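I have placed the structure first, in the form of structure tokens, so that the comments after it can refer back to it.
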Amino acid sequence: MTGFPLELDAAFWAVVAAAAVAGLVRGFSGFGTAMIVAPVAAAAYSPQVAVIVILIIETLPALPLVIPAMKRVSLAEIGPVVAGYALLLPAGIIFLTAGEPTALRWFMSVVILIVVMLLWRGWQYKGPRTVPVRVATGGLSGFLGGATSLSGPPVILYWMALRTGAGNVRSNLLVYLTVVELFSLVGFFIAGILTWPSIALGLACSPAFFVGLLLGARLFGLSTETTYRRVALSIVLVAAIASMPLLDGLWG
């Protein structure tokens, strides 16, 4: 991490490229930012840097898409999930600060691979959709969000696998993932993870993410639900596999 974050080396450009691709995917699917950027940024720098980069690039650039999406959001669905997130976010942050970097990276990769496998196979949640279930889903999302920035997978499996419609799922995910970033911002600041170098890297990646986000939003209306799922999951899968600790030679 010599010269971090100002040295424009291969690691820096890899994270910028990952941010651009993640913006594209999130723009037309409503998810994917953390699952694409987290493994790449963690491999190039560290898991702690990765969570801050994701926090920065997902906040302001996403607002133009989040505001219109709020019209389609179900507060009854999102409210309990957000509450659960806030409850277990601190536990995830403790896990992040105390965890060994390589172990955290493996944990990220395994979580992503499991989620991709379940979604690709068309797994559907068939259990009750009660408030406690939503709170529990949010709790798992909060723990993963604090530990690895992967707050999306639990709610993706809960909402997207139900096949309630691409538009509704996309809106719920866009709004939810943006709202919980505010909780994460406070938590990371208190934990001392929100450092200026990490913020600077996130800001450097934001323009690329924003351009990808706008392009992805335009592509959303041109693709079918099945197509956008498979394209998004394929990109996530490549990012997760390429960034595994086993392949650290890629980062020289």
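For all residues, glycine too, the Cβ spot is worked out from N, Cα and C.
In TrEMBL this protein carries:
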type	residues	note
TRANSMEM	12-37	transmembrane segment
TRANSMEM	82-99	transmembrane segment
TRANSMEM	106-123	transmembrane segment
TRANSMEM	143-161	transmembrane segment
TRANSMEM	173-193	transmembrane segment
TRANSMEM	199-220	transmembrane segment
TRANSMEM	232-251	transmembrane segment
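Beyond its flanks by at least six residues, the transmembrane segment (12-37) meets 5, 44-45, 50, 53-54, 57-58, 61-62, 65, 112, 115, 148-153, 156, 160, 169-174, 177, 201, 204-206, 208-220, 223, 228-229, 231-232, 235-236, 239-240, 251 of its own chain at Cβ-Cβ distances under 8 Å. Ranked by the number of CB pairs under 8 Å to the transmembrane segment (173-193), the listed stretches 82-99, 106-123, 143-161, 232-251 are led by 82-99. The listed stretches are 106-123, 143-161, 199-220, 232-251; of these, 143-161 has the most Cβ pairs under 8 Å to the transmembrane segment (82-99). Tertiary proximity for the transmembrane segment (232-251) is limited to same-chain residues at least six positions away from its ends with a CB under 8 Å from its CB atoms, namely 10-11, 14, 18, 21, 25, 28-29, 31-32, 35-37, 39-40, 42-44, 102, 105-106, 108-109, 112-113, 116, 119-120.
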